[in-house]
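*Asks:* Questions regarding the structure given below will be posed in turn.
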Amino acid sequence: MTAPSQVLKIRRPDDWHVHLRDGDMLKTVVPYTSEIYGRAIVMPNLAPPVTTVDAAIAYRQRILDAVPAGHDFTPLMTCYLTDTLDPDELERGFREGVFTAAKLYPANATTNSSHGVTSVDTIMPVLERMEKLGMPLLVHGEVTHADIDIFDREARFIETVMEPLRQRLTALKVVFEHITTKDAAEYVRDGNELLAATITPQHLMFNRNHMLVGGIRPHLYCLPILKRNVHQQALRELVASGFSRAFLGTDSAPHARHRKETSCGCAGCFNAPTALGSYATVFEEMNALAHFEAFCSLNGPRFYGLSVNETYVELVREEQLVPESITLADDSLVPFLGGERVRWSVK
C-alpha cells in the first residue's frame, strides 16, 4: 500500500516577472501561466517594445484573448524604458491603471533589449516622475560593458548603477529582478522597505555546474546566467529565512526549440509549466515550507500595494514526469525540467 500523497494548499500565487511573447508563441504559453497564477507582471520586451499606453492596452488584449475560458487571470502591464520615453506618457499609463510598473533594461543586456537605456542619467526625468508617483521600477541588474566578465555583471551593477540610483532617488520603489548572486541577496536583505527582489526557480535549483558539466544544457541557459554554487546557496538561504521582500518571479522566457538548440542559442528558460512545483521542492529541501505561501502569494502583493488573491491552489507531492516538449505551431518548446521526474506539481 502506498502512502497518501502530501498536499500543499496555498493562496493563489502571482508571477511577478514573466515573458509571454506574442503571436503563436503567446497563444501557446499564456495558458500555462493563467491556469496557476492570479496575476503576472508581463515584460514589455517585444519587437518593437511596449513604450506607449496604446501599445500596452493592445498587448493586454492579445494576452486576454489567449486566456482559456475558466481561468481567472489578470495581466499587469509594464512600460519599457528608453532614452527618449516621455514622462507624461508614463504617468498617464500609471494613472489610468494601464502600467503597473516600468522596466529598466540596460541596452543589450538580454533578449530584445537593444532599445534599452544607455545611461540612467539619460532617463532621470522619467525616474524622478516615477518616484513622485510611487510607481515601481523593475530592474534587470547587469552592466553590459564588453570588458566586464558575464559572471560579474550583476555584482558590478550594484556598485556602479543600483546604489548610486537609490542614493539619488531615495523614495523610488525598486524591484531587483531575478537576482542571482550572494552580493544581490545581501544587498536586498540589507536594504529598506522600498527595495525588493524576485528569484527564479532555476537560480534556486541550479548553478553553473549543472549547465556546463558533462555537456552543455541549453535549456538552463538564461540571463542573468547561472552562477557559482556559493551564490545559489545564498539565494536559497534568503528565501528559506522567510525574508519578506523576496517573491516569486519565474522569468519564464520561451524560445522555440530550434532557437535554443543551436550554435548560438537564445537565453531563457520556459518554466511556466513547472515553476511552482520547483519552488516547492526548494522550500522543502530547505525545511522552509512554512514560508512557501508568503514567497509565492503574499510578499509580492504587499510590496506592490495590491490585495492578495481570494482563491487557492493545491500542490501534490507525488512523482510526475514532465513532458519532453510542447507543440508550438511548426516547432516545439522544451519546458524547464522537460523529460525529468519532479517531486511536486500543481493538482
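Yeah, the Cβs are placed from backbone N, Cα and C, and that goes for glycine too.
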*Asks:* If Swiss-Prot says H19, L20, R21, N45, H140, L223, H255 bind substrate, which of A58, A155, A267 does it name for the same site?
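*Replies:* Site partner of H19, L20, R21, N45, H140, L223, H255 for substrate, according to Swiss-Prot: A267.
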*Asks:* Of the candidates K103, K227, which one does Swiss-Prot list alongside H140, H178 as binding Zn(2+) 2?
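*Replies:* The candidate from K103, K227 that Swiss-Prot ties to Zn(2+) 2 along with H140, H178 is K103.
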*Asks:* Given that Swiss-Prot annotates H17, H19, K103 as Zn(2+) 1-binding, name the residue from D190, D251, D330 that shares the site.
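*Replies:* Among the candidates, Swiss-Prot records only D251 at this Zn(2+) 1 site.
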*Asks:* I'm trying to understand the geometry here, so how far is the Cα atom of N45 (substrate binding site) from the Cα atom of H19 (Zn(2+) 1 binding site), in Å to the nearest whole number?
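*Replies:* Computed Cα spacing between N45 (substrate binding site) and H19 (Zn(2+) 1 binding site) is 8 Å.
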*Asks:* Using the centroid of the Cβ atoms of H17, H19, K103, D251 as reference, list every other same-chain residue with Cβ within 8 Å of it (recorded Zn(2+) 1 site), in sequence order.
*Replies:* V18, I41, V42, M43, N45, L138, E177, H178, G249, A253
*Asks:* Taking the Cα of L223 (substrate binding site) as the centre, which of the binding-site residues listed as H17, H19, K103, H178 lie within 10 Å of it?
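*Replies:* Within 10 Å of L223 (substrate binding site): H178.
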*Asks:* Within 10 Å of H178 (Zn(2+) 2 binding site) (Cα to Cα), which of the binding-site residues H17, K103, H140, D251, A267 do you find?
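*Replies:* The binding-site residues close to H178 (Zn(2+) 2 binding site) (Cα within 10 Å), listed in sequence order, are H17, H140, D251.
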*Asks:* Rounding to the nearest whole angstrom, report the longest C-alpha distance spanning H19, L20, R21, N45, H140, L223, H255, A267, listed for substrate.
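*Replies:* 19 Å is the greatest Cα spacing among the residues binding substrate.
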*Asks:* Using C-alpha atoms only, work out the spacing between H140 (substrate binding site) and H17 (Zn(2+) 1 binding site) and round it to an integer in Å.
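*Replies:* That separation, Cα to Cα, works out to 11 Å.
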